[in-house]
Amino acid sequence: MGTRILDLLQLQNLTKRDPSAYKEEFLLQYQHYLTQLQIFQLKPTKEFKHFSQLVSYLSHVCVCYPKELSEFPKQISDLLENNCNNLEPELRRILAKSLILMRNRNLLPQIQMLSLFFKLFRVHDKPLRSLLYSHIVADIKNTNLKQKNQKLNRTLQNFMFTMMNDDSEIASKMSLKVMIELFRKKIWHDTKTVNVISNGVFSKNSKILITTLNFFLHIDNPDKPDEEEEDEAVKEKRAKDNFRKKSLAHRVGKKTKGRITRLAKSKVDLKKAKQEEDNKLQPNFPAIELIHDPQGYCDKLFNVLVKTTEKFETRIMIMNFISRLIYVHKLMVYNFYPFLQKYLQPHQKNITYLLAVLAQSCHELVDPDVLKPLVMTIAKYFVNDGCGSDVIAIGLNTIRSICSRCPLAIDTVLLADLIQYREKKEKGVAMASKSLLQFFKDNYPSMLPKKERGKNKTDIGLLAFGHQKVSQGIDGLDLLMDEELNARLDAIEAGEEFESDDDSDSDSDDEGWEDVNTTTADDDNNSEWVSDDDDEEGEEDEEVEDEEDEEEVDEEELEDDEEGDWESGEEIEGDDDDDEEWEEVEEEVEEEEEEEIKPTKKKSQQKEKVEVLRTDDIKVLTDEELIRIRKLRILKEARENNKQYEDMDQDDDENGENVHGLIRPEDLQGAHKKKKEEKLERIARAKEGRDGGYGSKASRRDKTGKSTTNEYKAKVTKPFVLTLKTKKVRGKSLKSFRDKQIGQREHSARQKRGRH
């Protein structure tokens, strides 16, 4: 070539365009790199700028010359592995980026590179660790994008599990973060990964312990979700709000074609958003269910909790994790409840959180004798007249949560005392006490005093400890057969009003009464409006009247015969015998009819049972049908309690106990007054709306991200010569002296008004 190329970036560009034409230049740079590498291996120095440029150039053009650069990836990986602690941080990152570039072009084996990157986690270089972490997660995700590569995953998992027990705490923590991220992205979503992560709670490093606890406690709602997940959540919320607005407008306003179209479109958008969310959360089970030997694991973790010297915030996280294990796997850790009892004081830090942990650890297999002291302690310290209203409300709500899971934990005397708080003036206390009363009134009214049990309340039966209620078939299966309830649910989901058959029947009955009242005027005129159905009904009525007339004639004949029988005693005795025989025959006929009716009722009931059993045994219910049964049950409860279906559904979703049986501390607080703000908080809130409210427009104008308007450019930046012919300038120059005086006076008057 005639010209000498000095810039490596320019040479890189030209080499990619025509590799054969620039092969001599490439070989020259490659020889230069080899000499620099030998010098660098003997004595790594700070003068690495030229060497890093050569490495970057060769990593970009290695695709063009695969034979000549076959040893280049191994040389860079060996240099990083042997001299990682002696290299400069910037050079380490350049070498790592070059390896990533070659791995993306399939010039480096994946297992070899990932094993090297995991070893580089030991280096005290935070930017390098973040670079390696992001690449490892992305590389494994792309490998398993189309289908699971089980062989590769097994090899990487085994290597990563050994890194969990590495001497370097930084490497162990980064390996743990990689596994958590891969599990959260549904890439390594298996029991092996979960059980390796679960061993992090026994680590002596506090950071590893807290990371593991956060994983198990917030697996369904991570602390820092991805931007894509946030966008999808916002999109689903926006679609749900839009559907509610359109359905309300359609239900309340006039039924126009445009509103119907907009409602249908909003329904389609909401369905798409829900499908995206369901596809994203396809494996929809928490990691806590995949732990091996949960009883032994929980006992071991409780021993760690008793002996630990961690901060109190970390200890209550361990308590929360143990309580979730106890509830999910129905464990018996009886030492855990007396351990919690010593924290049950109103002045205890994070007491609401601890009460939620206690209520969450209760289930039907826990011995009530273990929970009764806890309930008595809560009633003693939280539910008394000396405590504040917020404390009493929290105590009552906690007792209700415990009793909803283990109703035998409270005795009737204490229950009778607690329900008396419903007469208090404080709203939170009254609502909490009424909630406790309503729970026992709906489920176990026999535990309440007689005057509080209510009417038509059936006791579902308070089972003894260790007994379970065995259900036959699927609960609520009969609701799928209820046509009216299904039609009402379809109408609600479509955003339309539903008119029940009862209303139509009542309307028809009312119309019938009106017709009877109006027929007293003119029978002839009204007879013209009689329909064919009315004619048929009239014919049936005439037949019934004829039969009744015949019965009356027979009764009159019998009465005449009886009157004639009084004339002779012999005839009377004979007829009396006949009457007795007639009465006996009638009684026998009635008994036979009743016996015929009873078997038919039994047969119909047996048929209904057989039909239910057949649908349970033969037909496999789909997920959609199970979801519909749940919706129908909610709608039925809403109709019985005179509530709106939307409110019942929303309450069911917002209730913390319905999400994997968890209890949130906010659920125990109930209705409470808003806390009064302090002075500094009020000042800060008042200043929020004042930012940029004062000063000139130029100072308040956003300097970044916005361009100036043409009007502003014409006013400030335009040369005056170009504005001589404008209307504004010519108007000023052509003004008379009188007009100028008037304008000056108005200007001075405006200034004076502005001063005062």
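Heads up, the Cβ atoms here are built off N, Cα and C, so glycines get one too.
What Swiss-Prot lists as coiled coil is 227-282, and the listing cites sequence analysis.
Residues annotated as compositional bias 'Acidic residues' in Swiss-Prot: 494-514 (among others).
Feature annotation from Swiss-Prot assigns compositional bias 'Acidic residues' to 521-596 (among others).
As annotated by Swiss-Prot, compositional bias 'Basic and acidic residues' applies to 605-615 (among others).
Residues or ranges marked as compositional bias 'Acidic residues' by Swiss-Prot: 647-656 (among others).
Using a Cβ-Cβ cut-off under 8 Å and counting only residues 6 or more beyond its ends in the same chain, the compositional bias 'Basic and acidic residues' (677-691) has no close neighbours at all. As annotated by Swiss-Prot, compositional bias 'Basic and acidic residues' applies to 677-691 (among others).
DSSP labels the residues of the compositional bias 'Basic residues' (725-735) in these numbers: 7 helix, 0 strand, 4 coil. Sequence annotations record features per position, and here Swiss-Prot assigns compositional bias 'Basic residues' to 725-735.
Residues or ranges marked as compositional bias 'Basic and acidic residues' in Swiss-Prot: 736-749 (among others). Per DSSP, the compositional bias 'Basic and acidic residues' (736-749) is made up of 13 helix, 0 strand, 1 coil.
As annotated by Swiss-Prot, region 'Disordered' applies to 494-615 (among others).
Swiss-Prot lists 638-756 (among others) with the feature region 'Disordered'.
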Give the mean pLDDT for the coiled coil (227-282) on the 0 to 100 scale. 75
